[in-house]
Amino acid sequence: MGNDSLVLIIALGFVIGTVGAQSDGCGSELPIALSSNFSGLSCKSVWNNFVLRYSQDQDNVLSIVLSTVYTTGWVGIGFSKDGMMVGSSAVVGWMGKTGQRHIERFYLGGQSSSAVQVDKGELQFSTAAAAAAAAGPSVLVENAKIYLAFRLKFSAPVTQQQLLFAIGSAIPVNNVLQMHDDKTSILFDFSSGTSSASSSYPTQLKRTHGALAILGWGVLLPIGTIVARYCKQWDPLWFYLHTVIQFIGFIIGLAAVVTGKALYDKLHASVHTHRGIGIFVLVLGILQVLAFFLRPDKDSKYRRYWNWYHYWAGRLALFFAAVNIVVGIRVGGAGSSWKVGYGFNLAILLTASIILEVLLWTRWSKRNTTPVF
């Protein structure tokens, strides 16, 4: 029994020691390569595995060592005026494919790679530190952690500051950053060492916009279209269902457009493709609503043209709506749950449509007629 207890204690000690060695909290020391030039730093765990070490001297030089768990890609810290990415300045570090270490300043002029400009922005490395090569900006990768160490010169003491933290898995080539895999925004007080989640970034508004767009344009409107095409044997029930579902879907889709406009006013994001397709889909949707009120009688000679327009304008709107939802998920940096969820929804709708289309053609072939498109 005593030997078993001893083995258990040794095993627990080994596990605790291993976990402690792998963690990168404030309890761990800086690597020797950095500790001589960056000493006396305050420390704060700011987000996930991100640890911020910092100090500020009387000359308004802010010394920073940012560290986190690292395998590949890039790690960055941004200084923002409003908690938003666009218009902020950042310092980004990474290990190149050949093992060369990089640390650069960037101006984040937009969400596309072309709008992120190297050696631009409001952040300036301290010239005094740059004069001493050992104390200049540097990147260190050690024990599966990356350290970004640098000093920034400011014209006044830095107190409360909106900070951005981001990480991307793609290694930059020619100083071109690819979209981040994850990011956050916090309000950090360098004088007290306290932080809080930034209230400036409209996270909830972005989620609401996405949820409304998927529910309206990606779920209800396609279901209403399926009812109109494959349920006409239940006349006039199919017509009432189709009308009600489409109107509800359009109202929810319109709410998605309104929240999207509010989101754009806050972020001023460079999402030209997403906005352009969204406007096009909205116009088609409005025309479909107007077409409902201008529907000719069944005996009218114009009814066949109205039917042709209604069918194909509706299908065109749904196709581009689906494309735009995918574009929105990508440019919005949504997580994998959004991608999987909408992909699953799309797979169900497509599978149901294919099965119902086959059944429709089978039924019509027995009557020696052709389905109306």
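Using the three backbone atoms N, Cα and C, a Cβ is placed for every residue, glycine included.
The number of other CB atoms found within 10 A of the CB of HIS242 (heme b binding site), across every protein chain shown, is 19. According to TrEMBL, the feature heme b binding site maps to HIS209, HIS242, HIS274, HIS310.
The annotation domain 'DOMON' is assigned in TrEMBL to 48-168.
What TrEMBL records for 171-365 is domain 'Cytochrome b561'.
According to TrEMBL, the feature signal peptide maps to 1-21.
Annotated transmembrane segment per TrEMBL: 210-230 (among others), in sequence order. Sequence-remote contacts of a segment are chain residues at least 6 beyond its ends whose Cβ falls under 8 Å from one of its Cβ atoms, and for the transmembrane segment (210-230) they are 238-239, 241-242, 245-246, 248-256, 259-260, 281, 314-315, 317-318, 321-322, 324-325, 328-329, 332, 334, 338, 341-342, 345-346, 349, 352-353, 356-357, 359-360.
Residues or ranges marked as transmembrane segment by TrEMBL: 237-257 (among others). Remote same-chain partners of the transmembrane segment (237-257), defined as residues 6 or more beyond its termini with a Cβ less than 8 Å from a stretch Cβ, comprise 209, 212-213, 215-217, 219-221, 223-225, 227-228, 231, 278, 282, 285, 288-289, 292, 321.
According to TrEMBL, the transmembrane segment annotation covers 277-295 (among others). Same-chain residues lying 6 or more positions outside the transmembrane segment (277-295) and placing a CB less than 8 Å from one of its CB atoms are 217, 243, 246-247, 250, 253-254, 257, 260, 306, 309-310, 313-314, 316-317, 320-321, 323-324, 327.
Residues annotated as transmembrane segment in TrEMBL: 316-336 (among others). Long-range neighbours of the transmembrane segment (316-336) within the same chain, counting only residues 6 or more positions beyond its ends whose Cβ lies under 8 Å from a Cβ of the stretch, are 111, 179-180, 183, 206, 209-210, 213-214, 217-218, 221-222, 225, 253, 269, 271, 273-274, 277-278, 280-281, 284-285, 288, 342, 346.
Positions annotated as transmembrane segment by TrEMBL: 342-361 (among others). For the transmembrane segment (342-361), the residues of the chain that approach it from at least six positions outside its boundaries are 214, 218-219, 222-223, 226, 229-230, 322, 325-326, 329, 371, judged by C-beta separation under 8 angstroms.
Taking the binding-site residues HIS209, HIS274, HIS310 in turn, the residue surrounded by the fewest other Cβ atoms inside 10 Å of its Cβ turns out to be HIS310.
If you take every residue in the domain 'Cytochrome b561' (171-365) and average the pLDDT, you get 89.
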